[in-house]
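First the structure, in the form of structure tokens, and then the observations on it.
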Amino acid sequence: MEGSDFLLAGVLFLFAAVAAVPLASRLGIGAVLGYLLAGIAIGPWGLGFISDVDEILHFSELGVVFLMFIIGLELNPSKLWQLRRSIFGVGAAQVLLSAALLAGLLMLTDFAWQAAVVGGIGLAMSSTAMALQLMREKGMNRSESGQLGFSVLLFQDLAVIPALALVPLLAGSADEHFDWMKIGMKVLAFVGMLIGGRYLLRPVFRFIAASGVREVFTAATLLLVLGSALFMDALGLSMALGTFIAGVLLAESEYRHELETAIDPFKGLLLGLFFISVGMSLNLGVLYIHLLWVVISVVVLVAVKILVLYLLARLYGVRSSERMQFAGVLSQGGEFAFVLFSTASSQRLFQGDQMALLLVTVTLSMMTTPLLMKLVDKWLSRQFNGPEEEDEKPWVNDDKPQVIVVGFGRFGQVIGRLLMANKMRITVLERDISAVNLMRKYGYKVYYGDATQVDLLRSAGAEAAESIVITCNEPEDTMKLVEICQQHFPHLHILARARGRVEAHELLQAGVTQFSRETFSSALELGRKTLVTLGMHPHQAQRAQLHFRRLDMRMLRELIPMHADTVQISRAREARRELEEIFQREMQQERRQLDGWDEFE
């Protein structure tokens, strides 16, 4: 693809995303399905704007690479060790059982046994990109089903290596003798990457961060992600696995959050490009000729994987309310099938249209997942939000709540308990089904659902409520909900949780003035107690705390125009000097009235 063609393709991708995704969200079918439909529209079987699908699909796999790096940042080695049983237990069982069942079914449709084995393994894999994206959208990240789903996906990435090695053996084209020297060098290189990453990454990033230039830090992050991906690819291993390991090695470093911030925009764009590329690869010609075969294949594939996953979830002890979420989110074929089937085709394992039929089946199965998860959501909503008695009204709470609390994790629970203790009528919306189960056991009126859906908010009583308290874990969800409330329910007083200064700036820019940084107040209170233990009078420590709070809020507002700018550093230093001057000016006055308490007490 020439430079001008590549630029044109980039413009088309951006246009497709801008046009299709908002429309898909408005129709309620989700961003992922919007990307897939946009790919079909601009691909060779749609309007034909882009024909070189394979090259773009290979490039777009970087979206999965960036996603796995961010996931690695969220998992320290000890947490990964805790997941070892679910990774090598449930993960291995899912791949082996699904592959065996699907291979057997393929043999019944005139596939040679070698081709059926490869086809079964490829179809047994799930889409890492789609599953993780949907798990984040559905709030499954921290739930039991989400952790188990991630374990299965991680094992599938590990299974890529032996699966690719199996293809030439099945084709009868493998060398009679393994090159043990070559294999040994690859193992040594992999171990060297682990050791080097363990002891070199932190000092390198410390040196880069000392420069104070944000762009260099971002460049270093991109270099790490792309470099580790290319290194693993050169070893014949999974690129996504390489970046995941790099993320895990930095999970306990002081640069974890900065790394995540630097990489997040690239991850989102490239993931969108990946889904568009998958849509472009859908061969509508094969679909038209073999429509019945493809439809039956998609239904059978999804049904077999759901059955296997549901049974494994039950054996593993996953709550009944979460089993369908776990099974549904992993029910599709995955991007690895494109690589495995291409390798098998080059070894002439497939005959006629067999490879094309399998790829169409995989692509369409990916398109069914967002729709399937919507059905699961509706089923869960009816099961958990429905009437407990026959004469009760269905859905959520129809007694005109004063406050709607969105999110009922540790932060939201404190707020909810305080409001209920003061006899306030509240409706709580939570999209983590395990949290809904737990809180309902203790008598809380918590309802399952995604609060970014306008219909759910309206059903929850948003039109009659006075306030909404947003305590979402994800900043993106918080800002989306703020926008929805301002547009559809402008009368609501919006109060929000901010994870840090970045989110606080975004809330202020959106016009939300009532927010709380989750660690700020508790840190200030502990700081005040520390001052007292160091000999400062309680009144003096209290005033120091109040001054710091006022100055910090003033600085927060002043820095909005230069949000995420290097000028912020110099302004912060100036504010620190100003705070010291304020303390010095008032020390004399404080010493003269040590036993007094002011109006702010």
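Every residue, even glycine, has its Cβ placed from backbone N, Cα and C.
The following features are taken from Swiss-Prot:
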- 29-49: transmembrane segment (TRANSMEM)
- 55-75: transmembrane segment (TRANSMEM)
- 87-107: transmembrane segment (TRANSMEM)
- 115-135: transmembrane segment (TRANSMEM)
- 152-172: transmembrane segment (TRANSMEM)
- 177-197: transmembrane segment (TRANSMEM)
- 207-227: transmembrane segment (TRANSMEM)
- 230-250: transmembrane segment (TRANSMEM)
- 262-282: transmembrane segment (TRANSMEM)
- 284-304: transmembrane segment (TRANSMEM)
- 324-344: transmembrane segment (TRANSMEM)
- 356-376: transmembrane segment (TRANSMEM)
- 400-519: domain 'RCK N-terminal' (DOMAIN)
Helix, strand and coil residues within the domain 'RCK N-terminal' (400-519) as assigned by DSSP: 50 helix, 26 strand, 44 coil
Non-local residues, at least 6 beyond the ends, that sit with Cβ under 8 Å of the transmembrane segment (29-49): 12-13, 16-17, 19-23, 130, 133-134, 137, 272, 275-285, 363, 366-367, 369-371, 373-374
Tertiary contacts of the transmembrane segment (207-227) (same chain, 6+ residues out, Cβ under 8 Å): 62, 65-66, 69, 201, 243, 246, 255, 258-259, 262-263, 266, 564, 566, 569
Top Cβ-contact partner of the transmembrane segment (115-135) among 87-107, 284-304, 324-344 (pairs under 8 Å): 324-344
The transmembrane segment (262-282) versus listed stretches 87-107, 324-344, 356-376: most Cβ pairs under 8 Å: 356-376
Positions whose Cβ lies under 8 angstroms from the transmembrane segment (284-304), at least six residues beyond its ends: 40, 45-46, 98, 101-102, 105, 109, 123, 331-333, 353, 356-357, 360-361, 364-365, 368, 372
